[in-house]
Ligand SMILES: C[S@@+](CC[C@H](N)C(=O)[O-])C[C@H]1O[C@@H](n2cnc3c(N)ncnc32)[C@H](O)[C@@H]1O
């Protein structure tokens, strides 16, 4: 394979990406051309949301082509386009063959939740100290255990236990929190998400972990639960406050994640009409907020 490397201003990125796609590029990646220099420009987006901008003020665009001739032809055709003024062709270069599967796998190691509870990819043996394990490979849905928000929810469940509980995992992603609840004894678990791909991922991950989950779209959440887990983000969590609180039975618990330290007060305020939230864990600037009814 060969890659065509271009330099482009942010204003040209959308047209350039569309044109490369039309020219049968196998993939197009956009990076900050000034990365790791004093001119590096930080662009922060929220997980699951579209990026705040299409590219950086000086973007390095790399398009992958099966054949060298296709890459060179694309470079010639692009240079004739109006939107290409301000862009530059850096060159066409061969891509060295690699074992991409092995490379990807090498980036995911087992994740410790508690000293005896681990998230372990299928290509690793569980650590000998692990008494409880979730087998999970990175996929299309969020939730591999590498993010602090996921870890805090899992730690809460591991420390408190879930024996015999009815549990709702709202915004289940990979299903990791629901599977965690099952591993700690929950007997009836609904795992729901607005993203059908996440619903399917959660279903498959449940099968791989030999646990039973009722997976579905949010309407599948019905009635009251002993434990409601929701790791989404502050804004949707505020909108969902009445709905999530209505699902917590008397004596039950609500566990919320996806909240930054500075957002604690706004969350407390949003939930105050129904439940009194407090911060019960924190990691890397993220907090876990919980309440009981
Ligand atoms: C940060 S991920 C959390 C995944 C997993 N529960 C975990 O803890 O790692 C948030 C998930 O919530 C889902 N989501 C976002 N807004 C939602 C909503 N309004 N209702 C249901 N799910 C939602 C997203 O599709 C995404 O899969």
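Cβ atoms are placed via backbone N, Cα and C, with glycine included.
According to TrEMBL, the residue from 190, 193, 195 that belongs to the S-adenosyl-L-methionine site alongside 150, 171, 231 is 193.
DSSP assigns residue 193 (S-adenosyl-L-methionine binding site) to coil in the three-state reduction, placing it in neither a helix nor a strand. The S-adenosyl-L-methionine site is defined by 150, 171, 193, 231, and by the 8 Å test on Cβ atoms against their centroid, the other residues of the chain that qualify are 142, 143, 169, 170, 172, 173, 176, 177, 229, 230, 232, 257, 258. DSSP classifies residue 171 (S-adenosyl-L-methionine binding site) as coil under the three-state reduction.
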